[in-house]
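Annotated features, as they stand in Swiss-Prot:
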| type | residues | note |
| --- | --- | --- |
| TOPO_DOM | 1-6 | topological domain 'Extracellular' |
| TRANSMEM | 7-27 | transmembrane segment |
| TOPO_DOM | 28-42 | topological domain 'Cytoplasmic' |
| TRANSMEM | 43-63 | transmembrane segment |
| TOPO_DOM | 64-100 | topological domain 'Extracellular' |
| CARBOHYD | Asn92 | N-linked glycosylation site |
| TRANSMEM | 101-121 | transmembrane segment |
| TOPO_DOM | 122-126 | topological domain 'Cytoplasmic' |
| TRANSMEM | 127-147 | transmembrane segment |
| TOPO_DOM | 148-179 | topological domain 'Extracellular' |
| CARBOHYD | Asn158 | N-linked glycosylation site |
| TRANSMEM | 180-200 | transmembrane segment |
| TOPO_DOM | 201-227 | topological domain 'Cytoplasmic' |
| TRANSMEM | 228-248 | transmembrane segment |
| TOPO_DOM | 249-257 | topological domain 'Extracellular' |
| TRANSMEM | 258-278 | transmembrane segment |
| TOPO_DOM | 279-307 | topological domain 'Cytoplasmic' |
Amino acid sequence: MLSVVEGILILVVISESVFGVLGNGFIGLVNCIDCAKNKLSTIGFILTGLAISRIFLIWIIITDGFIQIFSPDVYASGNLIEYISYFWVITNQSSIWFATSLSIFYFLKIANFSNYIFLWLKSRINRVLPLLMGFLLISCLLNFAYIVKILNDLKMKNDTVWRLNMYKSEYFIKQLLLNLGVIFFFTLSLITSVLLIISLWRHNRQMQSNVTGLRDSITEAHVKAMKVLISFIILFILYFIGIAIEISYFTVPENKLLLIFGMTTTAIYPWGHSFILILGNSKLKQASLRVLQQLKCCEERKNLRAT
């Protein structure tokens, strides 16, 4: 039986999941329509991949969490936890990779530095994306091999319990090794986002001496971009904090509140960042306003028919 606090957090997680699927589904739909019109750009490809991977990631977070909370015995056979582990690696790594690619793309497109390496990368932005794809593939293959090793070791020990029956220190070391690829992309994304914020801030200071009208419009755009980046960094950090909380649940499996709180914290990022992207991207924002306008018109027609 769940406590009141646990029940409230479960409702929050469900709400986050619904918003996440709707927000990312909208992003994916808008860019898929552009793809059908042969208008899909590099940024559109990244946003589409990010949206699709996050939808699957949300389902994995919810499915895995609810099984652990309500039916932990389902994992006793070992097969389900194996499939979920594989799927988790694919969706989590893909989501982080696309988020990192988005950060790098904006960094190379918008930032302004005189550094030779930066200028070299900026002139070869179309080659950076395939390079990151190669890193993702290597990271996924390494993690797959490591997961297979862990699960095979458990089967050889005839450990039929879904919880990893090992010392706490050993478990955390295995999780750290398993997430090395993700940590690399996470660090890279944070570095590029911080550098872009610094570049925007410096450029904003340089614009202070320009004409007032131009200065105000550019300053507003820069402040908006910095707010989006700072929000992204905060949500990204919360996502990894949530994962750490969920990992720590394995050491105290009787504390369901810890797991539910971890799920709530983890799910903030995939849905929160999707709405930040919609509000920060002019094309997505205009499309969302058109959808809201259509919904408003439909509601008005329905009210007129009712009267």
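Using the three backbone atoms N, Cα and C, a Cβ is placed for every residue, glycine included.
The secondary structure of Asn92 (N-linked glycosylation site), as reduced to three states from DSSP, is helical. Sequence-distant neighbours of the topological domain 'Extracellular' (1-6) (same chain, 6+ residues past either end, Cβ-Cβ under 8 Å): 69, 256-257, 260. Ranked by the number of CB pairs under 8 Å to the transmembrane segment (43-63), the listed stretches 180-200, 228-248, 258-278 are led by 258-278. Where the transmembrane segment (180-200) meets the stretches 7-27, 101-121, 228-248, 258-278, the count of C-beta pairs under 8 angstroms peaks at 101-121. Cβ environment of Asn92 (N-linked glycosylation site): Leu57, Ile60, Val182 lie under 8 Å away, each six or more residues apart in the same chain. In the topological domain 'Extracellular' (64-100), helix, strand and coil residues by DSSP number 35 helix, 0 strand, 2 coil. As a whole-number mean, the pLDDT of the topological domain 'Cytoplasmic' (279-307) in this prediction is 81. As a summary of secondary structure, the topological domain 'Cytoplasmic' (122-126) carries 3 helix, 0 strand, 2 coil according to DSSP.
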